[in-house]
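Annotation source TrEMBL lists Na(+) binding site at Val102, Asn106, Ser341, Leu440, Ser444. Positions annotated as disulfide bond by TrEMBL: Cys204-Cys212. Residues or ranges marked as transmembrane segment by TrEMBL: 93-110, 122-140, 170-192, 258-276, 288-311, 331-355, 367-388, 431-454, 466-485, 497-519, 539-559, 579-601.
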Amino acid sequence: MEFGQGAYVNSSYTISRTASTASIPGEYRLREEEPENVKKVNNLQNGDPIKIGIWSSTPSLDQNGNKYLPNDLASSSDLKPPKRDNWTNDIEFLMSCIALSVGLGNVWRFPFTALDNGGGAFVIPYLIVLFLVGKPVYYMEMLLGQFSSRGCVKVYDFSPIMRGVGYGQVLATGIVTTYYATLMALTLRYFIDSFYPLLPWSYCRQEWGELCIDSELNHKQQSTSSADIKTTSAEYYFINIILREKSSIDDGIGYPNWTLALTLAFSWLIISLIMIKGVRSSGKASYFLAVFPYCIMLVLLVRSLTLPGAFDGVLYFLRPQWNKLLDPKVWYAAVTQVFFSLAICFGNIIMYASYNRFSHNIKRDCTIITTLDTFTSLLSGIIIFGILGNLAYESKTSDIKSVVKGGPGLAFISYPDAIAKFKFLPQIFSVLFFLMLFVLGIGSNVGMASCLMTVIKDRFIHTKHWIIVVCIAVTCYCWGLVYITPGGQFILNLLDFYGASFVALVLAIFELLAVGWIYGVKRLCQDIHFMLGIQTSWYYRLCWGLITPALMAAILIYTLVQYEPLQYNGYFYQTGLYIFGWCISAFGIGQLLFWAVYAILRSPGDCFWDRVKTAFKPKCDWGPLDGNNLQIYKYHINELKIEAMFRRNGFWYRIYDNIFG
């Protein structure tokens with residue numbers, strides 16, 4: 001029986017329908033070399049030798065019609081995989097993933113998302129969604145990256161027709177990377193301003209008029225006219241001094257703020273220095289980026305819980321509103337919070353895992369990271385609402401929600417406003433808080449920029465690493481200047497929805513379908529057993545095959561049904577900008593079609609339908625990067641294919657077998 005061109009089986013070998021197919025590196029051992037470049041691989045089922053011949057120097061086709069490179073199944077000395085960086089140790093990978101996933105979304109997005117969606121009751125749907133969406137997808141992307149040692153584009157060699165998912169995710173990640181760095185620029189500006197003897201956002205300027213009240217005065221100043229609405233100096237400072245924001249962009253977006261241009265340049269300088277040597281440098285920086293924010297959080301936690309009224313704020317945060325559990329908006333908020341907090345389906349996790357050693361225990365790391373992400377969100381909520389409880393106490397009000405302004409400006413309006421009211425050295429807490437935000441943001445931004453770098457490096461293997469880093473930094477910096485203009489926040493809001501959030505949501509569904517049903521849950525579980533030597537539980541199988549894709553599809557349908565024209569602070573964009581936004585979405589999602597056509601045209605086959613079928617199958621070099629592991633893996637897969645010939649065949653059985661087989 002032949003195993004494709006150049007490989008054959010000893011005639012005494014027979015396949016048993018009931019034989020175990022368990023195969024992991026180490027279960028097979030190479031025997032002494034035979035003449036003419038032929039190796040024997042021991043079959044654990046019955047001990048009979050399997051002879052695997054060396055491929056000729058002429059490229060040939062495998063049983064799927066894919067081209068093999070010369071010596072595709074040669075010995076490790078003949079197989080020389082492309083050089084690829086690796087983490088110095090396993091801890092660096094864990095720390096880097098923590099720095100990537102634990103970011104601004106945990107500190108300022110989660111607490112108020114929870115408050116608006118049931119308070120303590122929101123934790124229940126959040127944990128359910130984390131269990132059914134966040135953890136399974138995080139583990140799946142870790143597995144794909146580590147198993148193949150490929151970035152988020154080349155990983156789709158398991159089904160070339162779906163490579164557009166990777167390119168679309170790179171586009172979304174690129175957009176997020178450009179504007180995420182501008183948030184670091186804003187944070188750095190506030191960090192610098194925190195060293196003033198008097199916090200510059202704590203008092204009103206003369207040009208802001210009588211409707212401004214000092215943030216440090218606990219809102220005790222009130223207008224004599226009920227028609228007048230007071231605005232804090234912190235909000236005036238952010239809008240008029242930091243952003244110089246316009247009321248509309250009908251006449252253009254204006255020119256960049258030179259101070260923010262400098263802080264943005266410094267942010268990209270820090271990111272570039274961390275990335276300059278790839279994972280060898282970013283891995284070292286991850287210790288600081290992952291651990292330091294927690295040191296500051298502990299300081300802020302102790303201080304916030306010792307403030308008068310703090311426990312009222314914490315109880316307000318954790319008090320359940322059970323009626324909210326029946327609201328679909330709450331579940332939508334839970335999915336989006338988990339989705340973007342863990343940074344899944346953006347290609348970042350696949351990229352980081354691709355630098356792991358082949359047998360690293362990523363199941364353990366997945367549990368640690370997803371649990372820590374949830375813990376950080378809850379910890380941040382306790383800290384923030386402890387401070388807000390004190391703010392309500394000082395303001396002589398029991399309505400904690402009324403003392404803070406939510407939304408995108410939360411980190412730069414509400415928090416500075418609350419810090420300005422501290423009676424004892426508010427500068428210290430301001431420095432600590434914005435330093436924490438800056439470090440959290442840098443950790444996430446390094447991960448996203450590294451994803452772009454990996455895709456480029458995988459394509460241009462011989463390009464010097466520092467050249468790619470500099471090109472990414474300069475390009476993203478120039479584009480980031482758009483966001484620090486007077487109309488920059490309007491553009492940021494537009495691109496965030498149409499270019500990042502919506503595109504990532506659609507592509508996430510196709511990613512799950514590609515892995516769960518094209519490549520197959522069963523095949524993925526076989527790869528896990530080959531790589532780690534562990535069996536996959538029904539929990540992961542059901543999530544990958546059914547539950548998670550269904551939940552993500554429901555969220556997409558809900559998004560489309562509830563869609564309303566995007567607006568920013570009550571401003572509706574011009575029609576041309578809506579068209580531009582949908583064009584960006586179409587371009588990102590359209591990568592699916594473009595690269596599907598490309599894959600079909602490049603696939604071998606006698607007719608169009610043969611090309612299509614081949615494009616759905618893994619490429620000939622799909623598998624571990626290491627030559628020895630790849631050789632064993634190819635034999636292992638061929639063995640499984642032979643055994644599959646003796647199994648039942650039918651539509652419903654194939655569905656059952658894909659999930660539970």
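We count from 1, first residue shown onward.
Positions of Cβ are set from backbone N, Cα and C atoms, glycine also.
Remember, TrEMBL labels are computer predictions, not curated facts.
Taking the centroid of the Cβ atoms of Val102, Asn106, Ser341, Leu440, Ser444 as the Na(+) site, the other same-chain residues with Cβ within 8 Å of it are Leu100, Ser101, Gly103, Leu104, Gly105, Val107, Asp373, Thr376, Gly443. Taking the Cα atom of each, Leu440 (Na(+) binding site) and Cys204 (disulfide bond) are about 30 angstrom apart. Only pairs six or more apart in sequence are counted, and the transmembrane segment (331-355) with the transmembrane segment (367-388) gives three or more Cβ pairs under 8 Å, enough to call it a contact.
When Cβ-Cβ distances under 8 Å to the transmembrane segment (497-519) are tallied for each of 170-192, 258-276, 466-485, 539-559, the top count falls to 539-559. Across the structure, Val102 (Na(+) binding site) and Cys204 (disulfide bond) place their CA atoms 35 angstrom apart. Sequence-distant neighbours of Asn106 (Na(+) binding site): residues of the same chain at least 6 apart with a C-beta under 8 Å from its C-beta are Ser341, Asp373, Thr376, Ser377, Ser380, Leu440.
For the transmembrane segment (466-485), the residues of the chain that approach it from at least six positions outside its boundaries are 174, 177-179, 181-182, 185, 243, 253-257, 260-261, 264-265, 268-269, 271-272, 275-276, 449, 452-453, 456-457, 460, 491-492, judged by C-beta separation under 8 angstroms. In this chain, the transmembrane segment (170-192) lies out of contact with the transmembrane segment (288-311); the count of Cβ pairs under 8 Å, excluding pairs fewer than 6 apart in sequence, is fewer than 3. By number of Cβ pairs under 8 Å, the transmembrane segment (539-559) is matched best by 122-140 from the list 122-140, 170-192, 258-276, 367-388, 431-454. Within the chain, the transmembrane segment (170-192) has long-range Cβ neighbours (under 8 A, six or more residues past its boundaries) at 104, 152-153, 242, 259-260, 263-264, 266-268, 271, 346-348, 411-412, 416, 430-431, 434-435, 437-438, 441-442, 444-445, 448-449, 451-452, 455, 476-477, 479-480, 483-484, 488, 492, 495-496, 499-500, 503-504, 507, 587-588, 591.
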